[in-house]
Structure formats: structure tokens, C-alpha cells
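Here is the structure we will look at, set down as C-alpha cells.
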């Protein structure tokens, strides 16, 4: 029996309309009744996630900003890592050949230079909102991450530019087909989960994890049992072909698996 369960949010626990379904909530609460520790491992900001776990009365550790922050059940910061200031400076002040919008995150929130109301749909359930400002005027110190949102092919070309400029000063990954993230070196959900597991006295082999995107790769590949969503990015399935693929987030597939696992732990699982 696993001791720690880690869940990505968008495309995994959340349905396509970015809501947490009732079946999913029931399954999570059943895990807690079995004394299984929960952690939500997400690219979302900790300010938003505190609202989410408060609204649904969920006791969970938080890995936020794609591994840049870890918070305890009580909201205490257990770990933090920011982009190297020179890397943040380079991203903020370079001229990029892209149509993608730039978004900057720090402990104060989410900042962008142009209104993108379509991006707020993913945050409607929490009310989390960007703040408009000129990114070039933002201090390069204490930047958690920077992300670019736009067309996938455009972002692939941008990734080449960013790699050429940043080299090994940052870690780049796609958290969705339309979102490219610039993160601190060595920062990912898997590394953060290793820190949290050690803090709790667990091994990664005693963890299970669920995800759908390339920012879940390290986490899914490092735990005792990793599960890929049926709606996952093709690149993730190709990178981790040995992991079991479950159903689609639109059908609350995580809850379907967990219910089976809790009721029939010794029987093989099929998403059908």
C-alpha cells in the first residue's frame, strides 16, 4: 500500500472545465481515511492552491510552481528555489521572435504585460488572476518561474532560442501543449517530491503519482507506481512507455482507478 499519493492538477485531477469532480473528491477523502498522505504537484501558484484546498477541506501538502515551492499542511514553506537572477534577467530583457505572451511568477502572484482573458478560464473556480505590468520593469530577483503561452509550433521555435540564450542556467519544459516554462535548474516535480518524501520519512518507492504532461515526467518516472492519463501529451507516453495509462480526465479517471485500488488492491486494473 502506498504511503504518499501525488497528483498533478490540470489534465489529471481536474476535468477539462478545470473543476474538481465529486467522484474525485470522494476518492481523495477515502485515501485520507486510509492514512495515505496527499500532495498536489502543480504548476499553479501556491496562493491559488491554498484557496483550492481550503474550499474543498482537503489536507494536502503542496508542490507548486512545478517544484519551486513546497508547503506543509499548515501552510509552512518547507522548500523554495528561484530562477537564477541572471537567467530571469536574460528572459525578461531579451527580444524573442515569438507571438507567445510572457508570464512572470513570484511570491506576490502572476504578472503579465498584456491582457489575456482567455487564460483566466482555467482559474475561474479559484478567482486567481494575473496582474498587468511591464515585465521588463520587474526585479529579476525572487522570480519563481517564467512561462510563455501560445501556439505549440511557435513555442517549439522559442524553446530553441531560449536554449541558445540560457544554456544550462535554466530548465525548460512544456507543462501543456500551449505553455512553455522556464524553471530554476534542477527544479521539477520529481525533485520536489523526493524532498517532500524525505521530509515525511518515506521513500519514493512508497509513492504513487498521476500526471499528463511533460512537467510530470520526472515525478512519474521516479515513484514506485506512476500513472499516465489517457489524455496525456504524446511525448510523455513516448518517454515513459513502461507506465500504465489510465482513462481520461473528463471521466474523472483518477477517481476510477483509486476506487478500484482501494476496493481491490490485489486485482489488475483496466480503465474500461
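Cβ from N, Cα, C; glycine included.
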Quiz prompt | Site co-member for Mg(2+) according to Swiss-Prot, given 8, 10, out of 178, 212, 248, 263 | solution = 212
Practice problem: Report, in whole Å, the straight Cα-to-Cα distance of residue 212 (Mg(2+) binding site) from residue 8 (active site, nucleophile). | Solution: 8
Quiz prompt | Spatial neighbours of residue 10 (Mg(2+) binding site) that are distant in sequence (at least 6 apart) but have CB under 8 A | solution = 18, 42, 43, 44, 122, 176, 212, 213
Practice problem: Could you say which of the recorded positions 8, 212 has its Cβ with the most other Cβ atoms inside 10 Å? | Solution: 8
